[in-house]
Amino acid sequence: GGGGAAAMADGEGLLSVDYEVHGKVQGVFFRKYTQGEAKRLGLVGWVQNTSQGTVQGQIQGPAARVRELQDWLRKIGSPQSRISRAEFSNEKKIEALDHKEFQILK
């Protein structure tokens, strides 16, 4: 937060951010719920299980909405999941979306 007028149109730009969620996040419909939440927020990107037992993916969309999904990934997740931590990386401003929808990848 903060910045005031200096944060010029900060909530308006498009953001892209990669994420990885650790904890009990596989076999608990985590990907399905993440997709549902992303669609509700109007975000695009993808989500998939990794061989390390984590869930990873990418989120793209309006900055304020991306922040909402980051919070959701950090604290909420699917009803049966237990999130130990969520890590975000490669955050950058983008001019256009790289994805048309939010997909679950195999």
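Including glycine, each Cβ sits where the backbone N, Cα and C put it.
TrEMBL entries are annotated by machine, without manual review.
Annotation source TrEMBL lists domain 'Acylphosphatase-like' at 16-106. Annotation comment: TrEMBL describes ARG31, ASN49 as active site.
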Open item on the list: I'm trying to understand the geometry here, so how far is the Cα atom of ASN49 (active site) from the Cα atom of ARG31 (active site), in Å to the nearest whole number?
Closed with: 8
Task: Arithmetic mean of per-residue pLDDT over the domain 'Acylphosphatase-like' (16-106) - done: 97
Open item on the list: Give me the count of other Cβ atoms within 10 A of the Cβ belonging to ASN49 (active site).
Closed with: 18
Task: Spatial neighbours, same chain, of ARG31 (active site) - Cβ under 8 Å, 6+ residues apart - done: VAL47, GLN48, ASN49, VAL55, ILE104
Open item on the list: From the DSSP assignment alone, can you count helix, strand and coil residues within the domain 'Acylphosphatase-like' (16-106)?
Closed with: 25 helix, 39 strand, 27 coil
